[in-house]
C-alpha cells in the first residue's frame, strides 16, 4: 500500500471525476484539478468566494462549484479552460446545487425551499419547480439518468413528482400516504421508488415508475422509525435501518420482510469473527528515536499505531447512551451500504459508534464485526469488489475484505485525521480526506495483504 | 409377676375359663383356690398348696374330702373316683386306678396348661411390645399429622397472601393498562394536536413562502441570472425539442417501455428460476418414484400396509413422466396434477418414513441387548485402537529421546568439546601418568612395609633364638662357675621359673662386650631389676649378685632408651616410607645413634629378604 504526498484541501471538498481520470479538490476559493495518474495539476480555476460544494458532471467535462453564502454557482469546463459560467440566484439564495444526470443542467434549490431552478447550459431556458420539500433526501435521479423524482409539499400533504430529465417534463405527480415524507430513493433498476416517512413513524412506501403504489411496509408503531435505507445493487433487497437498532431487509417480489438483523451489544456466537483494533505499544521505538526528533518522528510519536486483533466471543462492544432529551438521538442504524457484489451489507449502529457490522447476505447472518478505538466516521465499499474502507477520524485507514482486515497508518507528517474517504472507480486507489488535507492511497490489486 | 400371671392365665384358654366358671360357681371354696393355685408353677406357691392340702384333708375328713374331690372331678368331667357300685346304699370304695388316672390326667392337663400359659405369656409379651410399637407409631403419626396440619395452615396462609398479592397485581396491571390506554389516548390526542398545529404552522409558513416567492419573483431580480460564455451542445448531440403534446406522449411511451423492459427482465428471471425449480421438482419426483417402487417391491412380501392404489399411482406417475413436456405448458390443469401427484407421493414417503421411524424405535427398544454387545465389541475395538496408539506414542517417545540424545551429543562434539578436547585429553593423560606413578609408589611402599614387618617379625624370632642361645650359654657358664651339681639340681626349679630373667642375666653379661645388643639388654635389665625387687632373693653366688648390681647401675640410664626402643620397630616401619627415619632419635644420644645403626642394619636385612622373597 502506497501513499501520495499530502495536498491542501478545504471543506473536505475533493472528488474523483466519474471517468476516473481527474481529481478535483478545493482550496478556499481555488479549484484544483489533478491528473490522477501523475497527480500533476491539470487545471487551476479561481472562484469568486470560498467553495462550499463541488460536483463533477456525469460526463466529466464540467465541474460545478457552489458558493452558498453568495448564492452563486460557477461552472468550469475541463476541455476549455477559458470557458466560464456563473449562475447567480440573487436574493432567493441558494442552499443546494446539483447536476442533472445529462451534465447540461444545474438544479439549484433556493433558500426556504421556495423553488428549484433548473438552469440549462445548452439553451437560455430556465425552469422552476415549485414546492420542493425540505427533507433529508428530496431529489433522486434514476441510475440511467432518465428520470428524476422530487418530493413536494403542498397544502400540508406530501407529493412526489416524476420528471423526465431530458426535457424536464412532468411525468407523474401523486400524493403519498405519509405524515412527513423524509426521503425518496430510486432502486438501481430505475423502476421502483422507495419513499419513507420521517422518524416519527415507521413507514416505507414503494412506488412504481408509473406512480402506482406497489407496497407499504411498517414494522412497528409508536416509536421512532426509519433512520436510513439502502438498495442492494441488484435491486433485489431493500435494507431499512431504524431507531430500534435493527436492519430489516425486504425482498423485491413481495416487498415483505425477509429477515431482520439485530445489533446486540454483546456477541456470543463464536462463528462471528470480531476484529478489535488495539493500539501498538511504541516503547521499543522510543529508544531508537533521535534526540532532536525529526518532524516525522515527532508526529509518529503522537499518533499511535494500531492493529486488529481477533477477539474470542463473547465480546461486549462499547456503547453510547443516547441523550433522550435531544432531537435526533444517537441510536439506531444510521449508515448502511451493500457491497457492489451484493454479498455483504455493512452497517453502523449509532449507539455503538466504534463498530462496523458486516452481514453475509447470502446466508443472511452476521459475518464480521470490526470494533475500533474511535467512532466510525464513514465507510465505503470498493466499487469493484467486496472490500470495505473505514475511517474513524484517526490517522489510520482500515480495510476489510472476506480474507481479513488491516489497519494502515498514513505516513504523513503531523496528525492526518481521516474524516472521510472516497474510492476511485477502479478500486485501485482512494482519496483520504482530513480536515484540511488530502492524501491518495494506492492499493495493490491482490487485495488486502 | 406371679400375680399378674395368675390373672392373665384364665382368659385365653377355654379350659381354664371353665375352671374359673366352675370355681365361681362353687362360691370360692377352698378347693377353688386350690385349683387356681395348682396352675401356678412357682415353688413357694406349690408349698403353700401343700400346706393348704394338709389343711384341706385331715385324718378326720378323708372321706369327706374324697367325696368332695369326687364330686368336683365328676363335675369337671373326670370319671368318678369311686368304684361303680351296684347298690346305692352300699358305701362305695375308692378306686385307686381311677384316682391315679385322674391324677395323671390332672398332671397332663396341668402341664398343658403350663405350656399354654407360657405361650400365652410370650404372645402377651409380643402383643405388648407390638402395642408399644403401635403406640409409638401412633404418637409419631399424630405428630406428623399435627405438623402437616400446621404446614397446611401455613401454606393456606401463604396461598391466601399470594392470592391477595395476585389480586393486587391484577389491580395494578389493570391500573397500568388503564394508564397505558390513557397515555396512548394522550399520545394520540397530542399527535392529532401536533398534526393540527403543524398543519396550521405549515399553512402559515406556506403563506409566507408564497409571499416571499411573489416578492422574489416580482422584484424582477436582476441579479438572478446566468452569465455564460457560450452555450454548450447537448450531451447526446441533439437539439432540445419543444415541449408539445407529442413529447409528452413520447415520454409516456418511453416510461412504459422502461417499465415493460424491467418487467420483462423480471419475468425472464422468474421463468428461469421457475424452470430450475421445475427441474429440481422433476428430479425429486423421479427419485422419489424410483425409491418408492424399489421399496414397494420389497415390503410387498411382508404385506405391510402398502395399498395397491399407491402402486397404481406410481404407475400413473410414470405414465405422466413420459408426458414431461406437458409441464412446460405450465397451465393450471397440469399444475394441479403435478401438485396432486407430488402431494400423494409426499404422503407416501412421509408414512414410509414414519414407519421406518417406528421400526427404528422398536429396534432401538428391542435390540438393546444387541446394542450392548455391539458396544462391547466397539469397546474392545476401541481399546485395541488405544493400545495401538499407546504403542505408537511410546515409539515416538523413544525416537524422540534418541533424537534428543543424538542432538545433545552432537552438540557437545560440535562446539565445546572441539575446543576443550585437546585440553582435557592432555590433562587426562597427565593425570593418568601421575596416577600410574602414584600407584607404583603405593605398590612400592606397600611392598616395603610388608618387608619391614616381615623383617621385624624375623628380628623378633632371631632375637628369641639368640636369647635362647644366650640362656643356654649362661646356663653353661653358671654351671661351670658354680660347679655345684647338687645345688644346681636344687635350684633347677626356681631357675626354670625365671628362665627369662636368667636369660636376661646372661644377656647383661653378654652385653658387656657388644653394644649392639644393648637396647635388648636394657629391656631385660628392667625386668631383672624388677625381679630383684619383687622376688625374694634366692641364695645365689656373689658373682651373680655382682652382675645384678652392675645391671642395676646401668639400668637408670637405660630405662629411657627402652621407652624409645620399644616404639622404634614400629617407627622404623612407618618412617621408612618417609625416608627420614630416626633422625631426631639419632641426634639424641649415643644410644640413639646405636639404634640408628641397628635399624640401618635392619633395613639391610629387609633388603636382603626382599631379594629373597620373589
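Cβ atoms here come from the backbone N, Cα and C positions, even for glycine.
Predicted automatically and left uncurated, TrEMBL annotations should be read as such.
Computed from a predicted structure; not experimentally measured.
Within the listed segments B:232-259, B:260-287, B:288-315, TrEMBL records coiled coil for the stretch B:260-287.
Check TrEMBL against the ranges B:376-403, B:404-431, B:432-459, B:460-487 and you find coiled coil recorded for B:376-403. TrEMBL lists region 'Disordered' at one of the ranges B:541-569, B:570-598, namely B:570-598. Same-chain residues lying 6+ beyond the ends of the coiled coil (B:376-403) with a Cβ under 8 Å from its Cβ atoms: none.
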